[in-house]
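Here is the structure we will look at, set down as structure tokens.
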Amino acid sequence: MFEQTRRTAVERSRKTLEAREKEEEMNREKELRRQNEDIEPTSSGSNVVRDCSKSSPRDTSSSESEETSDSSDDELIGPPLPLKMVEEPVSHMEEEIIGPLPPPPFEEVEEDDDDDGDSEEEDNPVQKIPDSHEITLKHGTKTVSALGLDPSGARLVTGGYDYDVKFWDFAGMDASFKAFRSLQPCECHQIKSLQYSNTGDMILVVSGSSQAKVIDRDGFEVMECIKGDQYIVDMANTKGHTAMLHTGSWHPKIKGEFMTCSNDATVRTWEVENPRKQRSVFKPRTMQGKKVIPTTCTYSRDGNLIAAACQNGSIQIWDRNLTVHPKFHYKQAHDPGTDTSCVAFSYDGNVLASRGGDDSLKLWDIRQFNKPLFSASGLPTMFPMTDCCFSPDDKLIVTGTSVQRGCGSGKLVFFERRTFQRVYEIDITDASVVRCLWHPKLNQIMVGTGNGLAKVYYDPNKSQRGAKLCVVKTQRKAKQAETLTQDYIITPHALPMFREPRQRSTRKQLEKDRLDPLKSHKPEPPVAGPGRGGRVGTHGGTLSSYIVKNIALDKTDDSNPREAILRHAKAAEDNPYWVSPAYSKTQPKTMFAQVESDDEETKNEPEWKKRKI
């Protein structure tokens with residue numbers, strides 16, 4: 001923007017200068033004509049005298065020159081003669097010039113030099129790469145597999161294999177570069193994709209689960225997609241994904257609409273207001289009509305097309321409103337069996353870049369989708385989310401490379417879009433470069449690496465805000481009161497009065513244990529036989545053993561049978577039920593036999609024994 005403003009100002013100043021020069025030239029021309037008109041009568045008189053007198057050849061030669069000059073003045077066309085060729089009249093004119101003088105010629109040369117520098121900078125897009133400075137944000141110890149930057153460029157969000165999502169605020173950070181919030185929105189699932197919506201108020205979180213989530217700017221959950229029924233054969237008849245997700249993308253124009261692709265061989269579009277069912281389902285197919293798993297998907301810049309790359313190496317593009325057949329289908333874009341990790345549209349919407357798992361980067365023209373425009377190989381990748389992106393001016397394409405541990409450094413590689421030449425490289429770190437993001441407003445490049453770092457590259461002159469805001473802030477010092485408080489925090493159980501007394505010998509401890517009824521309790525002996533006291537002996541865990549354990553009675557009876565019978569004597573006498581009703585007709589009045597002996601035993605016998613039978 002500043003470059004365009006500067007060029008416009010130079011052009012305007014040049015036009016003003018040219019107009020001023022034209023006005024001065026016209027003024028000069030008028031002065032010359034006026035002076036020639038004043039000189040013309042005297043020259044005509046001298047000519048008459050010379051004709052009459054026929055003077056010497058010198059006079060004739062001078063007169064001829066004057067005649068030619070007069071004729072040339074009369075027939076003057078175009079700019080005036082140079083200053084050196086006009087002697088007296090021009091010197092007289094210079095004395096009478098009114099207004100500013102024209103600029104010296106060296107200024108024009110300097111302007112030309114500036115224009116040449118601008119044209120060279122325009123012709124060489126490498127000079128626009130903002131890589132003079134960098135800052136490092138430490139996300140964790142595992143791979144940073146997702147990056148997201150809001151449209152205004154104020155906040156950065158990172159996600160990784162450690163399940164964490166961290167929020168970074170450039171305006172609120174100081175030189176310590178610490179995240180202001182960290183959370184795990186998807187529990188124990190790796191984060192695969194993070195993207196801010198076009199309004200910047202929501203973040204799409206795609207993890208290894210089958211349910212995508214949408215959170216707000218502060219990390220609170222807004223919605224969660226429903227999980228589909230995995231026992232339904234036709235995936236279009238279920239309401240959500242049934243297998244692991246790969247990636248997702250927001251619609252660039254419509255608020256609240258996003259897209260996800262999954263291992264269930266579908267690409268689904270969703271609406272934030274309706275999380276209970278997807279909006280539409282796209283089912284990639286091979287040329288034989290078989291299912292194929294999409295590994296990445298994206299919207300076009302205008303949102304009318306949906307592009308997806310599949311595991312069989314094909315790239316399929318649908319019209320957003322027609323889900324049946326793809327509009328474009330190229331079946332051998334990359335090697336089959338390699339996961340194409342990224343497809344990205346250019347800012348003009350005519351070119352598609354694809355980053356293949358076969359270590360290649362290809363460029364496609366949507367208007368002629370029958371063969372790739374360019375192809376570059378030798379770009380190793382070991383992650384299923386290695387991506388590529390276009391520069392803000394659409395002249396460069398950026399992607400990252402992967403390396404084995406201890407085998408070099410990961411690079412950020414720049415290709416020129418017009419010729420697809422490898423024009424520039426940046427060594428990032430001794431780990432793989434997984435994610436890259438070039439923000440158009442900030443003109444800064446964000447990079448996610450395999451060792452848990454997120455790097456931001458910028459140029460103080462070419463970049464705006466972003467990392468420039470937090471670099472200038474000094475690191476805050478810890479308050480002294482906080483450090484003193486931390487040293488003197490004492491929990492109640494750490495006081496000496498709550499500590500258990502330390503035993504000096506084992507003999508005293510044994511004596512204490514002997515007095516403790518719980519520790520000195522004799523263990524129960526093993527049960528032998530049918531069981532006793534609710535304990536079952538040699539039965540096991542069957543139903544019968546359970547019944548025996550809960551219902552079986554103690555069969556041993558040590559009580560006196562005479563006392564047991566006499567317990568019921570009083571009730572039998574008051575309410576006779578068994579014996580008396582039998583004799584109610586034959587012997588209504590009870591008669592007992594006369595016993596002559598008055599023994600105490602006979603007296604104490606119960607009534608039913610005394611009864612005469």
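Note that Cβ sites are derived from N, Cα and C of the backbone, with glycine treated the same way.
Not measured: the values here are computed from a predicted model.
Residues or ranges marked as compositional bias 'Basic and acidic residues' by TrEMBL: 1-37, 85-95, 499-524, 603-613. Annotation source TrEMBL lists compositional bias 'Acidic residues' at 64-76, 107-124. Per TrEMBL, compositional bias 'Gly residues' is recorded for 530-539. Annotation source TrEMBL lists region 'Disordered' at 1-131, 499-539, 579-613. As annotated by TrEMBL, repeat 'WD' applies to 137-169, 238-280, 343-367.
Per DSSP, the secondary structure of the repeat 'WD' (137-169) breaks down as 0 helix, 19 strand, 14 coil. Long-range contacts of the repeat 'WD' (238-280) within its own chain (CB-CB distance under 8 A, at least 6 residues past either end) are made by residues 192-193, 195-199, 202, 204, 206-212, 214, 222-230, 232, 291-303, 306, 308, 320, 323, 384-385. In the compositional bias 'Basic and acidic residues' (1-37), helix, strand and coil residues by DSSP number 36 helix, 0 strand, 1 coil.
DSSP assignment over the repeat 'WD' (238-280) gives 0 helix, 20 strand, 23 coil. For the repeat 'WD' (343-367), the predicted model reports an average pLDDT of 91.
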